Amino acid sequence: MLTMDDIVREGNPILRAVASEVMMPPTQEEKETLKKMREFLINSQDDEIAEKYKLRAGIGLAAPQIGISKRMIAVYIPEEDKIHDYTLFNPKVISHSVENTYLEGGEGCLSVDREVPGYVPRHARVKVKAYNIDGKEITLKLKGLPAIAIQHEIDHLDGIMFYDHINKADPFAIPDHCATN
Ligand SMILES: OCN(O)CCCc1ccccc1
Ligand code: NI
């Protein structure tokens, strides 16, 4: 199983590299890696397992964070009515809302062992084209936390960290095009 020892930390150049497209269909090894990334997220959200193995809770993970510079991500977000459970190859935002959003509490990252305060502007809604674990092309339409998480993960594939988006002059300035309520 993956643990925090497998998570690359900021300063490692892999986190600033553009990851490589994965040739479809994926190899058995690439499928296994994606499954292990998803398993890490599920484990990290289980109080007993997380405590036992000292896992930081995560709702997403990108392959560069485990030292693999390939365009592979996992997102696992249990919500009231459904679990947003995505293991994706070559994800790409193909359209997005003009409206932006942000998390009141800011964002964090398993590869960043420090707090970086400030609002991280994200598209409120995104349409993502990707390949699922079997290499089948799929399209996802996401909003809310799943939309934020998938943008955070896709950024990792392009060497972008969440704090790159924070307004340096005023970290808590409300980003443009955010809904009022
Ligand atoms: O890249 C995954 N990661 O570092 C884990 C946390 C992901 C995350 C995504 C959206 C908002 C906050 C935190
Ligand atoms: Ni991250």
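One-based numbering along the chain as shown.
Glycine is treated like the rest: Cβ placed from N, Cα and C.
Given the structure is predicted, the values throughout are model-derived calculations rather than measurements.
Marked as Fe cation binding site by TrEMBL: Cys109, His152, His156. All protein chains shown were included, and the count of other CB atoms within 10 Å of the CB of Cys109 (Fe cation binding site) stands at 23.
Under a cutoff of 8 A between CB atoms, and with a sequence separation of 6+ in the same chain, the neighbours of Glu153 (active site) are Gly60, Leu61, Ala62, Ile73, Ala74, Val75, Pro91. Feature annotation from TrEMBL assigns active site to Glu153.
In the three-state DSSP scheme, Cys109 (Fe cation binding site) falls into the coil class. Taking the mean position of the Cβ atoms of Cys109, His152, His156 as the Fe cation site, the remaining residues of that chain whose Cβ falls within 8 Å of it are Gly60, Ala62, Gln65, Glu107, Leu110, Ser111, Glu153, Asp155, Met161, Phe162. Cβ-based neighbour count (10 Å, all protein chains) for His156 (Fe cation binding site) stands at 23. Non-local neighbourhood of His152 (Fe cation binding site): Gly60, Glu107, Cys109, Val120, Arg122, Phe162, each in the same chain, at least six residues away, with C-beta under 8 Å from its C-beta.
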